[in-house]
């Protein structure tokens, strides 16, 4: 045991040494110190053990004895807190800490330590420590500054802001805490008395020990701080003052504790009365303070010494926060808790706002129930009113528990959470039917009825709302049941389907009437009436049917409405149909008086008029207000019947002008669609239909069961079905075409793409400063001088003023590009713009515009034979050449005058005076010898080359000599002879020259302006080449092009930072990559490709720039690993090129940097600023005021859900997140902390906390807030639950939702102020609630697939969403980076929905919810945010599968149903075709192929195609072929590519657009898009049929890895391969048995795109697979696939390892009886092949007897038995020989039988092949039937046989796909071509080289 103990001590010592090395800077990882970094969370929550141990580490070197005392105290605190060591990691921590103490106990001299004197020793050390660090002096000065109430720079001199001083105060706090503990056992008359007195003194005066060290988020409210300037802002001070507790409020108990540094406020009363958690109180106190302060800053900054909040600011916050509550009360017709707005003062308003935020802040999962929160607030506000009316405060009865404890969480939230949790358990991890359990929406909608008040207050535990479900009996749904059926599509969008059906009927009638519009045609057209009535009745039936599951709990009124509409629909449809039948009878009766016709017209006319009136009143904007005002019961009844009334969805109408716009849009589409449908789809089929219908006794080549005696009905169906399918879905094509045109026009009007090349940036740069200042600089900054220097810019020189204001922003943008390694140091120097604040009289432009211009001008001057005017006119043709010449001239003058003095200065002044005079006299060419200019400039270049260096005596002499040489060249060469002679005889200069004094000494440039000019002029003269290609990097170019282009787009004016809308950025994170580790960078894949190698080839210029930036330009890759700093920089460089959290955080923190710069230049000062202080932007990052102002307006919260668990498990992600916290002081991380403890019954009880942390001064996590949750927060989908727990920590009025695979740019961050002003802009009837923002997909350069995905995505997020927002007004929230109105959304359920599975696409539901709650969603393209996308085919397929599955779930959702019902007709169409309708049309595209080919197969098998053609030559009709071809243009994606092409044209220009499109086609983009078609179709259809939608982790890494054949087969087998082979089988049948008059040409034209689909679906995964055609890989893949196919499954074996396990997983989605029946019906189609082929065999002749089909089944059974013989396997060894003998005999017999049949019967080789195809299809049908009915098949003992047959089928399919791949792999050039196809040329070359090296390596190893 002793040995074990010694080993433990050694381990502890080694750990401590390693930690100390880290602290000393030996490693780049997160700082840690001793055991302080390992304190378990359960001990940190209530104690300061961490701080005490940290202090011990700090003091160790100074006094080891004191360090030991602190460690012992920490141990006893841990022991008292958890004596049994039950908490996670507590036992290990205690053991380690005790080992450390034992090491410290032994003195060097071996003496013992007297613990009784510890208190005295600690007291003495405390006194010494205070004296050493001048603590008392610092505290007195700090107190003086706090009392002054102004923020001053004096604190810098005190050192209060330094990290070292803060560490001192941290250590002092730990010492005080330990002294307080030890004082209890110390001598009360000795040291104990001293310690007690010191503690009393500290409680009264302590500011320094707590003010800057008390954890806070943004505003230090618990204790004042001198480090943070926020507390000194007048609006913040006024907001804090507004919350202060007044005498008229109820008295709080004397024992109620408040921190000594903070005054009592309203939140303290709310905490006492309702029992809110302390950290919830602290969190919402800061939230309310910032909300009120920001509202006040918009109205005006308080200027008085004791600032007060304007009541208008409080009213604004009050009305916005409680807007949903006010609407809820109005809807339920109940009284608000206040009588009127005028009746309550601002204090009462603040109380109510604070109460609402506190309820919301502690509501946890109940935040998804906004009306439930309204209900809670309603009752608690009444309790608050009662409390405020009393003189003394008492706890609220609703929050008092059994033991008289007051807790809002346990008494109010916990019961609701328990009900939510129990219901969530019933969903069986998302596998249960939606109708089997209540989701969040069901719970929330309980409060949409006055019946909710039956819940009472305090809430009755036995109420239906809180009733927990039992095992057998489920609780009922609310107002909607999400049954899994395609019928939802009809129910939700019945108006569209009825319209399309009725229009098709009408067009068909007109076509069959030869287009004649007479009375007869009119009466036939009236058949539309019965059709309409029946379709409406169908909708009523669906309402009744799909409401099943909610009848027991739905409101009585809702059920009554269903019943009334059902009976009314049934009776009306019967009546109208009956009357119309009688009308038809009257038409045939010549003696009729048309009575029924008149009745029919009257009924239809009245019904139409009523519908039109209600449609106008409820849907037409101008009339809607009339319907809202009418209280007539009769009108209200019919309105209620017409449109169901919900709390959401009321008032979904737009302004009349907006309404007219989108109506016109759809009228154009309808005109195109119905014209096309009539003339090219319906009319060409009229004659064939009439002829086929009347054709008698057509010869059938099979045994016909249906059509022969029924007008050839199936023939007509097979001909019309493809046309009907195209008719249904081609409206989406017309929508796509028109949206591309409208979107292109709108983009052009918005001035998108005006600057689309770096040449355009150069040409238009002169206009950028003015545009920038007008758009992005606030009025406050425009008034500020850009420098405190005395030289002022004249007002008339506006260009100079604009340039001066533009330059600091431009330079900061260029600096950020350099930091990101997009440009080199040289490019940065050329791109920098001078400050333009000096005395130079003209605008100084960046050197990249001027470089080379001087020498071009000199060439013009040297060649000049004309006058000065002619020379100048040539120069000014290039305006930048003119700028360069002028700047060079004026700069030389200014520099020379600053260098020389005395006679030399006189000479310089005389020279320039002469030149200026000659310019005025237009005689410059006579005054100067222009041919000598080159020599003069060379001398001056040499001079500036010396002056840019630091002064030394040698350089001073050299510079003086250079000036003298310049003097000689000018005097003797440049000046004309006359002028030279005059100056040469100038006595003053001549005397100085003769005496050697002329230019003997110069004044080295020391003035900053002169130094800047010298440096700039040196560069201008040195760079002789043109800089037209600057910057070279394509990404840098793209960013500068977009930014400069956006300056000319329309955007709101920028407000000063102090007045802008505050906002928060919010990023959910789970376990994705934070930062690539060194191992990740260097690890090679099987091809020898490492991530670092890949990135070096993809981004070669950025790699060189990176090496230059870190000073390792000539270093090798491995040398970077030698330096920990360089290794860390390398990790960040790689991570910034991937889709990592580090990249996202860097991008989002640009917002803060931009705000700091903008605030700094606006110069809002809190104290007295020196008027002569320069405001150059270089100091903005150090300005406390700028940082504070930015923090008031911007916060960034990353919700790292499992960060706590990652820390406990010591995962690298936790260390990387902590590193990000250290590098970004404004970053906050929220996470779920799980605390385990032993329950009363001995079981482990888990407690959940929502925590917010930041980095403290030591670089460790500092907990800011810890809010206990009622239980596990993950009841629904993970991402929205993750967002929900952390959203309480967000601040501001807006929140931008950002995924962790996004990026941002500094130049775009500068426009955020403008974007936020859109919330106050005029965007229609309602202010915006979500601002859509343009995305740039930055992963497009990774591979060709990534480029395709990037272009597709860019097309949607730009042109697509542009049209959705305007004119269609149906843009939703399609993902990030949209900006939400934070208050609007948090009071209405949050920024996403979270119910399990149904809300799998959680983002879009935020848009649905916002729209239904009368929000407004806009789209803005002058600002962009980066976005990463999936870059490999498998990643893309998984992503599209997730989105398609999510859309399948949307079809079932109540949100889509309500929008479909409540939008007006045209807006509903826009909504449908841009959400679920897109996927329906995608599915219809594929189904059209099936319908067409199965129709062709029917005609071919039955022989009707040839029979009809022989009789009437119809099927060869060219018009008919044209109609059938209509679908194929859709299929290959020609029409869907139109928006992408339009986007290219708009933003790249026509030539580049054509080139890009052709390039994409050459890279097989059509194959990719056709393959994606199958992905979307499969997942969308399967989700609606069976469910199974889930989040699919795609991985966001760099895709250079080869995917094995088996992996691709598993992923795509059922979604693509099976369907492709089915289509191929249909095409083979068609070519074998079909008839086409045009022969091969006609066949190719009709089936070309179908074959293209087959090839795309079968081979795309291998075409786009890196190294997919490399022979060695192909061989390895085949072996791996065979092993997978033959490996037996079993318990715990995953599908990745075994075919059997995979096969079982593929069937998991079929779980319900309904699903089994549907699968059975769909499987029956495969029996067609055998039935048709049997009658086409040569063997059967012309017989059509049904017995032939029966005999074919006998043959099939025989083959199955033979297969069983060959696959039979017995474990008996003595039976094996006999089995082999039997198998051999059967094989020989089978071969002999087939040969004999071929010889002696009509059986041919083609018959054998045909029979094989028939039996393959039938076998697949049997398999497909066996899988749904697995239980029955297993009970019959046939399941093993079915499995073996399935294995055989998969083996066969695999071989069909594998064979072409193997053949192509023989040819090396195919692999080379593929790599060029997939990747750019640089990487392709690198890949080839690496493979050669890998081969050489392998040879060496052998």
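One is the number of the first residue shown, and numbering goes on along the chain from there.
Every residue, even glycine, has its Cβ placed from backbone N, Cα and C.
Predicted automatically and left uncurated, TrEMBL annotations should be read as such.
Per TrEMBL, the listed range annotated as transmembrane segment is 1528-1551 (candidates: 1432-1455, 1504-1527, 1528-1551). Per TrEMBL, the range carrying the annotation transmembrane segment out of 1569-1592, 1593-1616, 1641-1664 is 1641-1664. Residues 532-551 are the range that TrEMBL records as transmembrane segment, among 472-491, 532-551, 632-651, 692-711.
Segment contact is absent for the transmembrane segment (1805-1827) and the transmembrane segment (1471-1493), given fewer than three CB pairs below 8 angstroms at sequence separation of 6 or more. For the domain '1,3-beta-glucan synthase component FKS1-like' (347-460), residue counts in helix, strand and coil come to 78 helix, 3 strand, 33 coil, using DSSP. Taking every recorded stretch in 493-512, 532-551, 1471-1493, 1617-1635, 1778-1799 and counting its Cβ pairs under 8 Å to the transmembrane segment (1848-1869), the highest total belongs to 1617-1635. Long-range neighbours of the transmembrane segment (493-512) within the same chain, counting only residues 6 or more positions beyond its ends whose Cβ lies under 8 Å from a Cβ of the stretch, are 521, 524-525, 527-528, 531-532, 535-536, 538-539, 542, 674, 677-678, 682-683, 686, 690, 724, 727-728, 731, 1460, 1465, 1468-1469, 1472, 1477. Same-chain residues lying 6 or more positions outside the transmembrane segment (1746-1766) and placing a CB less than 8 Å from one of its CB atoms are 703, 1730-1731, 1734-1735, 1740, 1782-1783, 1786-1787, 1790, 1811, 1814-1815, 1818-1819, 1841, 1845, 1848.
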